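Student: Take this structure first; my questions come after.
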Amino acid sequence: METPGASASSLLLPAASRPPRKREAGEAGAATSKQRVLDEEEYIEGLQTVIQRDFFPDVEKLQAQKEYLEAEENGDLERMRQIAIKFGSALGKMSREPPPPYVTPATFETPEVHAGTGVVGNKPRPRGRGLEDGEAGEEEEKEPLPSLDVFLSRYTSEDNASFQEIMEVAKERSRARHAWLYQAEEEFEKRQKDNLELPSAEHQAIESSQASVETWKYKAKNSLMYYPEGVPDEEQLFKKPRQVVHKNTRFLRDPFSQALSRCQLQQAAALNAQHKQGKVGPDGKELIPQESPRVGGFGFVATPSPAPGVNESPMMTWGEVENTPLRVEGSETPYVDRTPGPAFKILEPGRRERLGLKMANEAAAKNRAKKQEALRRVTENLASLTPKGLSPAMSPALQRLVSRTASKYTDRALRASYTPSPARSTHLKTPASGLQTPTSTPAPGSATRTPLTQDPASITDNLLQLPARRKASDFF
(Lines of atoms letter the chains of each structure in order from A and count residues from 1; the text may use other names and numbers.)
(Lines give C-alpha, C1' and ligand atoms only; values in the text may rest on other atoms or scores of the structure.)
Protein backbone atom coordinates (compact mmCIF):
# COMPACT_ATOMS: atom_id res chain seq x y z
CA MET A 1 0.00 0.00 0.00
CA GLU A 2 1.44 3.32 -1.01
CA THR A 3 1.62 6.12 1.44
CA PRO A 4 -0.18 9.38 0.69
CA GLY A 5 1.85 11.64 -1.55
CA ALA A 6 3.89 8.80 -3.11
CA SER A 7 2.63 9.59 -6.59
CA ALA A 8 3.59 13.22 -6.21
CA SER A 9 7.05 12.26 -4.98
CA SER A 10 7.63 9.89 -7.87
CA LEU A 11 6.66 12.58 -10.35
CA LEU A 12 9.00 15.14 -8.86
CA LEU A 13 12.10 12.99 -8.46
CA PRO A 14 12.65 9.26 -8.98
CA ALA A 15 13.91 7.31 -6.02
CA ALA A 16 16.92 5.96 -7.94
CA SER A 17 18.20 9.44 -8.86
CA ARG A 18 18.20 10.74 -5.30
CA PRO A 19 21.76 11.30 -4.03
CA PRO A 20 22.46 9.46 -0.78
CA ARG A 21 23.21 11.79 2.06
CA LYS A 22 23.42 11.79 5.81
CA ARG A 23 20.37 13.03 7.64
CA GLU A 24 20.76 16.02 9.91
CA ALA A 25 20.16 15.94 13.63
CA GLY A 26 16.69 17.44 13.42
CA GLU A 27 15.68 15.15 10.59
CA ALA A 28 17.04 12.11 12.41
CA GLY A 29 14.86 12.86 15.41
CA ALA A 30 11.84 13.30 13.19
CA ALA A 31 12.60 10.09 11.33
CA THR A 32 12.82 8.02 14.51
CA SER A 33 9.36 9.12 15.67
CA LYS A 34 7.11 8.18 12.79
CA GLN A 35 3.61 9.63 12.87
CA ARG A 36 0.61 7.52 12.07
CA VAL A 37 -1.28 8.81 9.04
CA LEU A 38 -5.04 8.96 9.48
CA ASP A 39 -7.83 9.77 7.09
CA GLU A 40 -8.78 13.42 6.92
CA GLU A 41 -12.23 12.85 8.43
CA GLU A 42 -10.90 10.58 11.18
CA TYR A 43 -8.10 13.03 12.05
CA ILE A 44 -10.47 16.01 12.27
CA GLU A 45 -12.98 14.04 14.31
CA GLY A 46 -10.33 12.92 16.81
CA LEU A 47 -8.92 16.43 17.07
CA GLN A 48 -12.40 17.83 17.65
CA THR A 49 -13.09 15.26 20.36
CA VAL A 50 -9.85 16.04 22.21
CA ILE A 51 -10.43 19.81 22.09
CA GLN A 52 -14.02 19.47 23.25
CA ARG A 53 -13.01 17.17 26.12
CA ASP A 54 -10.16 19.37 27.40
CA PHE A 55 -11.37 22.91 26.71
CA PHE A 56 -15.17 22.76 26.33
CA PRO A 57 -16.47 19.96 28.56
CA ASP A 58 -19.94 21.53 28.89
CA VAL A 59 -20.73 21.41 25.16
CA GLU A 60 -22.17 17.90 25.37
CA LYS A 61 -24.45 18.85 28.25
CA LEU A 62 -25.61 22.04 26.56
CA GLN A 63 -26.29 20.19 23.33
CA ALA A 64 -28.33 17.56 25.20
CA GLN A 65 -30.33 20.31 26.91
CA LYS A 66 -30.99 21.90 23.54
CA GLU A 67 -32.20 18.60 22.09
CA TYR A 68 -34.39 18.00 25.15
CA LEU A 69 -36.02 21.44 24.82
CA GLU A 70 -36.60 20.93 21.10
CA ALA A 71 -38.18 17.51 21.76
CA GLU A 72 -40.38 19.05 24.45
CA GLU A 73 -41.47 21.81 22.09
CA ASN A 74 -42.29 19.31 19.33
CA GLY A 75 -44.03 16.93 21.74
CA ASP A 76 -41.63 14.03 21.05
CA LEU A 77 -41.99 12.04 24.28
CA GLU A 78 -39.88 9.13 23.05
CA ARG A 79 -36.90 11.41 22.38
CA MET A 80 -37.34 13.08 25.75
CA ARG A 81 -37.33 9.68 27.48
CA GLN A 82 -34.15 8.61 25.68
CA ILE A 83 -32.32 11.81 26.62
CA ALA A 84 -33.51 11.56 30.23
CA ILE A 85 -32.31 7.93 30.49
CA LYS A 86 -28.95 8.72 28.88
CA PHE A 87 -28.04 11.83 30.85
CA GLY A 88 -29.95 11.21 34.08
CA SER A 89 -32.57 13.21 35.92
CA ALA A 90 -30.21 16.10 36.66
CA LEU A 91 -30.52 17.35 33.09
CA GLY A 92 -33.34 19.77 33.84
CA LYS A 93 -31.46 21.37 36.72
CA MET A 94 -29.35 24.17 35.37
CA SER A 95 -27.35 24.59 38.60
CA ARG A 96 -26.45 22.04 41.20
CA GLU A 97 -27.28 22.52 44.84
CA PRO A 98 -24.38 24.06 46.75
CA PRO A 99 -22.54 21.68 49.08
CA PRO A 100 -22.58 22.29 52.83
CA PRO A 101 -20.10 24.93 53.96
CA TYR A 102 -16.67 23.63 54.79
CA VAL A 103 -15.54 24.41 58.34
CA THR A 104 -11.98 25.64 58.59
CA PRO A 105 -10.08 23.71 61.29
CA ALA A 106 -9.13 25.93 64.22
CA THR A 107 -6.88 23.40 65.95
CA PHE A 108 -3.88 21.30 65.09
CA GLU A 109 -5.83 18.04 65.10
CA THR A 110 -6.23 15.92 62.01
CA PRO A 111 -9.55 16.78 60.32
CA GLU A 112 -12.05 13.95 60.34
CA VAL A 113 -13.64 12.72 57.13
CA HIS A 114 -17.32 11.94 57.65
CA ALA A 115 -19.08 9.41 55.52
CA GLY A 116 -21.39 10.82 52.91
CA THR A 117 -19.57 14.12 52.44
CA GLY A 118 -18.27 14.86 49.01
CA VAL A 119 -14.66 15.81 48.39
CA VAL A 120 -13.58 18.26 45.75
CA GLY A 121 -11.21 15.78 44.18
CA ASN A 122 -13.72 12.97 43.86
CA LYS A 123 -14.33 11.65 40.40
CA PRO A 124 -17.75 12.34 38.92
CA ARG A 125 -20.10 9.45 38.60
CA PRO A 126 -20.14 7.71 35.24
CA ARG A 127 -22.86 8.94 32.94
CA GLY A 128 -23.18 5.60 31.17
CA ARG A 129 -25.23 4.03 33.95
CA GLY A 130 -28.40 4.02 31.88
CA LEU A 131 -26.79 2.98 28.61
CA GLU A 132 -27.54 -0.29 26.96
CA ASP A 133 -25.12 -3.20 27.19
CA GLY A 134 -24.03 -2.89 23.58
CA GLU A 135 -23.13 0.77 23.83
CA ALA A 136 -21.28 0.19 27.11
CA GLY A 137 -19.24 -2.57 25.51
CA GLU A 138 -18.29 -0.33 22.60
CA GLU A 139 -17.11 2.42 24.93
CA GLU A 140 -14.97 -0.03 26.88
CA GLU A 141 -13.33 -1.24 23.68
CA LYS A 142 -12.47 2.30 22.55
CA GLU A 143 -9.01 3.49 23.50
CA PRO A 144 -9.06 6.73 25.50
CA LEU A 145 -7.76 9.66 23.52
CA PRO A 146 -4.51 11.27 24.75
CA SER A 147 -3.93 14.96 25.35
CA LEU A 148 -3.80 17.46 22.53
CA ASP A 149 0.01 17.66 22.35
CA VAL A 150 0.40 13.88 22.40
CA PHE A 151 -2.31 13.47 19.77
CA LEU A 152 -0.59 15.93 17.41
CA SER A 153 2.78 14.23 17.92
CA ARG A 154 1.42 10.72 17.28
CA TYR A 155 -1.03 11.26 14.45
CA THR A 156 -1.17 13.35 11.32
CA SER A 157 -3.55 13.74 8.41
CA GLU A 158 -3.11 12.72 4.80
CA ASP A 159 -2.70 16.30 3.63
CA ASN A 160 -0.02 17.04 6.21
CA ALA A 161 1.91 13.86 5.39
CA SER A 162 1.74 14.57 1.66
CA PHE A 163 2.99 18.10 2.22
CA GLN A 164 5.91 16.85 4.34
CA GLU A 165 6.97 14.42 1.63
CA ILE A 166 6.76 17.11 -1.03
CA MET A 167 9.01 19.34 1.10
CA GLU A 168 11.51 16.48 1.52
CA VAL A 169 11.60 15.97 -2.24
CA ALA A 170 12.17 19.70 -2.75
CA LYS A 171 15.12 19.61 -0.35
CA GLU A 172 16.61 16.59 -2.16
CA ARG A 173 16.35 18.37 -5.51
CA SER A 174 17.98 21.47 -4.05
CA ARG A 175 20.90 19.42 -2.73
CA ALA A 176 21.26 17.68 -6.08
CA ARG A 177 21.32 21.03 -7.91
CA HIS A 178 23.93 22.48 -5.52
CA ALA A 179 25.98 19.32 -5.01
CA TRP A 180 29.25 21.30 -5.19
CA LEU A 181 28.17 23.20 -2.09
CA TYR A 182 27.73 20.09 0.04
CA GLN A 183 30.55 18.01 -1.50
CA ALA A 184 33.28 19.77 0.47
CA GLU A 185 31.33 19.29 3.68
CA GLU A 186 30.98 15.54 3.02
CA GLU A 187 34.70 15.24 2.24
CA PHE A 188 35.58 17.06 5.45
CA GLU A 189 33.36 14.78 7.52
CA LYS A 190 34.94 11.72 5.92
CA ARG A 191 38.46 13.03 6.52
CA GLN A 192 37.58 13.92 10.11
CA LYS A 193 36.29 10.40 10.68
CA ASP A 194 39.46 8.88 9.19
CA ASN A 195 41.65 11.00 11.45
CA LEU A 196 39.89 9.68 14.50
CA GLU A 197 40.65 6.09 13.52
CA LEU A 198 44.00 4.55 14.39
CA PRO A 199 46.04 4.36 11.15
CA SER A 200 48.04 1.31 10.18
CA ALA A 201 51.82 1.02 10.46
CA GLU A 202 52.34 1.77 6.75
CA HIS A 203 50.34 5.00 7.00
CA GLN A 204 52.17 6.03 10.15
CA ALA A 205 55.52 5.76 8.33
CA ILE A 206 54.47 8.14 5.58
CA GLU A 207 56.38 11.39 6.04
CA SER A 208 54.07 13.48 3.86
CA SER A 209 51.22 13.37 6.40
CA GLN A 210 50.06 16.59 8.00
CA ALA A 211 51.73 17.53 11.23
CA SER A 212 48.65 19.35 12.62
CA VAL A 213 45.16 18.12 13.33
CA GLU A 214 42.14 19.82 11.80
CA THR A 215 40.07 21.25 14.60
CA TRP A 216 37.98 23.74 12.67
CA LYS A 217 34.68 22.22 11.64
CA TYR A 218 33.70 22.97 8.06
CA LYS A 219 30.06 23.60 7.26
CA ALA A 220 28.54 24.55 3.93
CA LYS A 221 25.83 26.83 5.33
CA ASN A 222 27.61 28.53 8.20
CA SER A 223 25.91 30.83 10.68
CA LEU A 224 27.70 33.88 9.27
CA MET A 225 26.28 33.81 5.75
CA TYR A 226 23.07 31.82 6.35
CA TYR A 227 20.36 31.64 8.95
CA PRO A 228 21.43 29.33 11.80
CA GLU A 229 19.58 26.05 11.99
CA GLY A 230 17.69 24.99 15.07
CA VAL A 231 19.37 22.68 17.54
CA PRO A 232 17.36 19.60 18.56
CA ASP A 233 16.14 19.93 22.13
CA GLU A 234 17.73 16.91 23.79
CA GLU A 235 17.19 18.27 27.28
CA GLN A 236 13.56 17.18 27.31
CA LEU A 237 14.58 13.57 26.74
CA PHE A 238 15.94 13.34 30.28
CA LYS A 239 12.99 15.02 31.96
CA LYS A 240 9.58 13.78 32.86
CA PRO A 241 7.09 14.85 30.21
CA ARG A 242 4.88 17.67 31.38
CA GLN A 243 1.23 18.04 30.63
CA VAL A 244 -1.50 20.55 31.35
CA VAL A 245 -4.39 19.24 33.43
CA HIS A 246 -7.19 21.27 31.92
CA LYS A 247 -9.77 20.33 34.52
CA ASN A 248 -7.70 22.15 37.14
CA THR A 249 -8.22 25.42 35.27
CA ARG A 250 -11.96 25.44 35.98
CA PHE A 251 -14.10 25.54 39.12
CA LEU A 252 -16.24 22.52 39.81
CA ARG A 253 -18.82 24.84 41.37
CA ASP A 254 -19.39 28.57 41.46
CA PRO A 255 -17.22 30.02 44.24
CA PHE A 256 -19.23 33.26 44.22
CA SER A 257 -22.65 31.66 44.45
CA GLN A 258 -25.31 33.69 46.23
CA ALA A 259 -26.93 30.51 47.59
CA LEU A 260 -24.90 30.76 50.79
CA SER A 261 -27.29 32.97 52.70
CA ARG A 262 -26.81 34.60 56.07
CA CYS A 263 -28.58 31.70 57.76
CA GLN A 264 -26.10 29.18 56.38
CA LEU A 265 -23.17 31.35 57.46
CA GLN A 266 -24.61 31.54 60.97
CA GLN A 267 -24.99 27.77 61.02
CA ALA A 268 -21.38 27.39 59.95
CA ALA A 269 -20.27 29.77 62.73
CA ALA A 270 -22.29 27.82 65.30
CA LEU A 271 -20.84 24.55 64.02
CA ASN A 272 -17.34 25.98 64.26
CA ALA A 273 -18.02 27.06 67.85
CA GLN A 274 -19.13 23.54 68.73
CA HIS A 275 -15.91 22.13 67.34
CA LYS A 276 -13.92 24.50 69.55
CA GLN A 277 -15.38 23.13 72.76
CA GLY A 278 -12.72 21.29 74.69
CA LYS A 279 -10.02 22.15 72.14
CA VAL A 280 -6.65 23.67 72.93
CA GLY A 281 -5.23 26.55 70.93
CA PRO A 282 -1.62 27.12 69.83
CA ASP A 283 -0.84 28.91 73.10
CA GLY A 284 -1.79 25.86 75.16
CA LYS A 285 -5.01 27.32 76.55
CA GLU A 286 -8.56 26.13 76.10
CA LEU A 287 -10.53 27.81 73.34
CA ILE A 288 -13.69 29.63 74.43
CA PRO A 289 -16.27 30.01 71.64
CA GLN A 290 -17.55 33.46 72.66
CA GLU A 291 -14.18 34.93 73.54
CA SER A 292 -11.83 36.68 71.18
CA PRO A 293 -8.36 35.20 70.73
CA ARG A 294 -5.66 36.34 73.14
CA VAL A 295 -1.94 36.81 72.74
CA GLY A 296 0.13 36.58 75.92
CA GLY A 297 -2.99 36.74 78.05
CA PHE A 298 -4.18 40.00 76.47
CA GLY A 299 -7.11 40.25 74.09
CA PHE A 300 -7.45 42.47 71.07
CA VAL A 301 -8.84 45.98 71.56
CA ALA A 302 -11.04 47.95 69.21
CA THR A 303 -9.47 50.33 66.74
CA PRO A 304 -9.81 53.94 68.02
CA SER A 305 -12.20 56.09 66.01
CA PRO A 306 -10.80 59.28 64.45
CA ALA A 307 -14.06 61.14 65.27
CA PRO A 308 -14.30 61.76 69.06
CA GLY A 309 -17.59 61.97 70.92
CA VAL A 310 -19.51 65.09 71.88
CA ASN A 311 -18.36 65.20 75.50
CA GLU A 312 -14.76 64.39 74.69
CA SER A 313 -12.10 66.96 73.96
CA PRO A 314 -11.32 67.50 70.29
CA MET A 315 -8.01 66.45 68.86
CA MET A 316 -7.18 69.98 67.59
CA THR A 317 -8.12 73.52 68.69
CA TRP A 318 -7.58 76.75 66.76
CA GLY A 319 -7.42 78.99 69.86
CA GLU A 320 -8.99 82.42 70.44
CA VAL A 321 -7.78 85.96 69.66
CA GLU A 322 -8.31 88.15 72.74
CA ASN A 323 -6.77 91.40 71.42
CA THR A 324 -6.24 93.31 68.19
CA PRO A 325 -4.20 91.28 65.71
CA LEU A 326 -0.74 92.68 65.07
CA ARG A 327 1.07 92.09 61.84
CA VAL A 328 4.59 90.86 62.26
CA GLU A 329 6.97 91.72 59.45
CA GLY A 330 9.14 89.09 57.93
CA SER A 331 12.32 90.80 59.07
CA GLU A 332 11.12 90.85 62.67
CA THR A 333 10.29 87.15 62.75
CA PRO A 334 13.31 85.16 63.86
CA TYR A 335 14.34 82.51 61.36
CA VAL A 336 14.63 79.09 62.91
CA ASP A 337 16.18 76.34 60.86
CA ARG A 338 14.02 73.39 61.82
CA THR A 339 15.12 71.08 59.04
CA PRO A 340 18.67 70.27 58.02
CA GLY A 341 17.80 70.67 54.34
CA PRO A 342 17.56 73.91 52.34
CA ALA A 343 14.62 76.25 53.09
CA PHE A 344 13.02 79.03 51.04
CA LYS A 345 13.11 82.63 52.29
CA ILE A 346 12.38 85.93 50.49
CA LEU A 347 15.33 88.28 51.08
CA GLU A 348 15.05 92.07 51.44
CA PRO A 349 16.02 94.15 48.35
CA GLY A 350 19.54 95.54 48.38
CA ARG A 351 20.64 99.18 48.55
CA ARG A 352 21.42 99.36 44.83
CA GLU A 353 18.01 97.97 43.91
CA ARG A 354 16.21 100.41 46.22
CA LEU A 355 18.16 103.38 44.71
CA GLY A 356 17.25 102.26 41.19
CA LEU A 357 13.54 102.01 42.08
CA LYS A 358 13.65 105.50 43.62
CA MET A 359 15.24 107.05 40.50
CA ALA A 360 12.70 105.31 38.26
CA ASN A 361 9.79 106.66 40.32
CA GLU A 362 11.19 110.22 40.19
CA ALA A 363 11.65 110.08 36.41
CA ALA A 364 8.10 108.79 35.96
CA ALA A 365 6.73 111.61 38.15
CA LYS A 366 8.57 114.23 36.08
CA ASN A 367 7.21 112.81 32.85
CA ARG A 368 3.66 112.86 34.22
CA ALA A 369 4.09 116.54 35.30
CA LYS A 370 5.36 117.55 31.85
CA LYS A 371 2.46 115.82 30.17
CA GLN A 372 -0.10 117.53 32.40
CA GLU A 373 1.52 120.96 31.80
CA ALA A 374 1.43 120.51 28.01
CA LEU A 375 -2.21 119.41 28.17
CA ARG A 376 -3.10 122.47 30.24
CA ARG A 377 -1.46 124.84 27.72
CA VAL A 378 -3.27 123.28 24.77
CA THR A 379 -6.57 123.63 26.61
CA GLU A 380 -5.94 127.33 27.28
CA ASN A 381 -5.04 128.01 23.63
CA LEU A 382 -8.23 126.37 22.43
CA ALA A 383 -10.33 128.33 24.90
CA SER A 384 -8.78 131.66 23.78
CA LEU A 385 -10.17 131.24 20.25
CA THR A 386 -13.81 131.65 21.40
CA PRO A 387 -15.41 135.02 22.10
CA LYS A 388 -16.03 134.01 25.66
CA GLY A 389 -12.35 133.97 26.35
CA LEU A 390 -11.67 137.59 25.18
CA SER A 391 -9.86 139.69 27.70
CA PRO A 392 -11.41 143.11 28.54
CA ALA A 393 -7.96 144.69 28.28
CA MET A 394 -7.91 144.14 24.52
CA SER A 395 -8.70 147.02 22.18
CA PRO A 396 -12.05 147.04 20.33
CA ALA A 397 -10.34 146.51 16.97
CA LEU A 398 -8.48 143.45 18.29
CA GLN A 399 -11.67 142.06 19.81
CA ARG A 400 -13.52 142.40 16.46
CA LEU A 401 -10.65 140.69 14.64
CA VAL A 402 -10.66 137.76 17.06
CA SER A 403 -14.44 137.45 16.86
CA ARG A 404 -14.37 137.47 13.07
CA THR A 405 -11.60 134.86 12.99
CA ALA A 406 -13.38 132.58 15.46
CA SER A 407 -16.64 132.83 13.53
CA LYS A 408 -14.95 131.29 10.48
CA TYR A 409 -14.36 128.03 12.30
CA THR A 410 -17.73 127.80 14.04
CA ASP A 411 -21.21 127.58 12.60
CA ARG A 412 -23.81 128.62 15.11
CA ALA A 413 -26.70 127.20 13.07
CA LEU A 414 -24.97 123.81 12.74
CA ARG A 415 -24.09 123.79 16.42
CA ALA A 416 -27.65 124.62 17.39
CA SER A 417 -29.00 121.77 15.21
CA TYR A 418 -27.43 119.00 17.33
CA THR A 419 -27.06 120.80 20.65
CA PRO A 420 -30.18 120.87 22.84
CA SER A 421 -30.97 124.43 23.83
CA PRO A 422 -33.44 125.89 26.31
CA ALA A 423 -36.62 127.71 25.29
CA ARG A 424 -35.75 129.88 22.35
CA SER A 425 -36.22 133.59 22.77
CA THR A 426 -36.35 136.30 20.13
CA HIS A 427 -33.26 138.47 20.15
CA LEU A 428 -33.26 141.98 18.79
CA LYS A 429 -30.38 142.94 16.62
CA THR A 430 -29.42 146.20 15.09
CA PRO A 431 -29.30 145.96 11.30
CA ALA A 432 -25.81 146.04 9.95
CA SER A 433 -26.73 148.65 7.29
CA GLY A 434 -27.75 151.22 9.89
CA LEU A 435 -31.05 153.05 10.32
CA GLN A 436 -33.32 153.22 7.32
CA THR A 437 -36.18 155.66 6.77
CA PRO A 438 -39.47 153.87 6.49
CA THR A 439 -41.33 154.36 3.23
CA SER A 440 -44.72 154.70 4.85
CA THR A 441 -45.70 157.42 7.22
CA PRO A 442 -45.99 156.16 10.72
CA ALA A 443 -49.27 156.53 12.43
CA PRO A 444 -49.59 159.33 14.95
CA GLY A 445 -48.90 158.28 18.43
CA SER A 446 -46.85 155.31 17.44
CA ALA A 447 -43.18 155.34 18.34
CA THR A 448 -40.49 154.51 15.91
CA ARG A 449 -39.29 150.96 16.61
CA THR A 450 -36.23 149.16 15.44
CA PRO A 451 -37.09 146.46 12.90
CA LEU A 452 -37.08 143.04 14.47
CA THR A 453 -34.76 140.40 13.01
CA GLN A 454 -35.16 136.83 14.17
CA ASP A 455 -31.99 134.84 14.35
CA PRO A 456 -32.72 131.35 13.16
CA ALA A 457 -31.54 128.87 15.70
CA SER A 458 -31.24 126.12 13.11
CA ILE A 459 -30.78 125.85 9.39
CA THR A 460 -33.98 123.85 9.16
CA ASP A 461 -36.16 126.54 10.71
CA ASN A 462 -38.65 128.25 8.33
CA LEU A 463 -37.65 125.79 5.62
CA LEU A 464 -41.24 125.22 4.44
CA GLN A 465 -42.19 128.91 4.47
CA LEU A 466 -41.90 129.48 0.72
CA PRO A 467 -42.33 133.06 -0.63
CA ALA A 468 -45.74 133.76 -2.18
CA ARG A 469 -45.93 134.26 -5.92
CA ARG A 470 -46.13 137.88 -6.90
CA LYS A 471 -49.15 139.15 -8.71
CA ALA A 472 -49.38 141.72 -11.56
CA SER A 473 -50.82 144.34 -9.23
CA ASP A 474 -47.62 144.27 -7.19
CA PHE A 475 -45.68 145.88 -10.03
CA PHE A 476 -47.96 148.95 -10.41
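For all residues, glycine too, the Cβ spot is worked out from N, Cα and C.
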Student: Which one of Lys142, Lys190, Lys429 gets the tag SUMO2 cross-link in Swiss-Prot?
Tutor: Lys142
Student: If you check Swiss-Prot for phosphothreonine, which of Thr104, Thr386 comes up?
Tutor: Thr386
Student: If you check Swiss-Prot for phosphoserine, which of Ser313, Ser395 comes up?
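Tutor: So the answer, going by Swiss-Prot, is Ser395.
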Student: When you measure from the Cβ of Ser395 (phosphoserine), which residues in the chain that are at least 6 apart have a Cβ under 8 Å away?
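Tutor: Counting only residues 6 or more apart in sequence, Ser395 (phosphoserine) has no Cβ neighbour under 8 Å.
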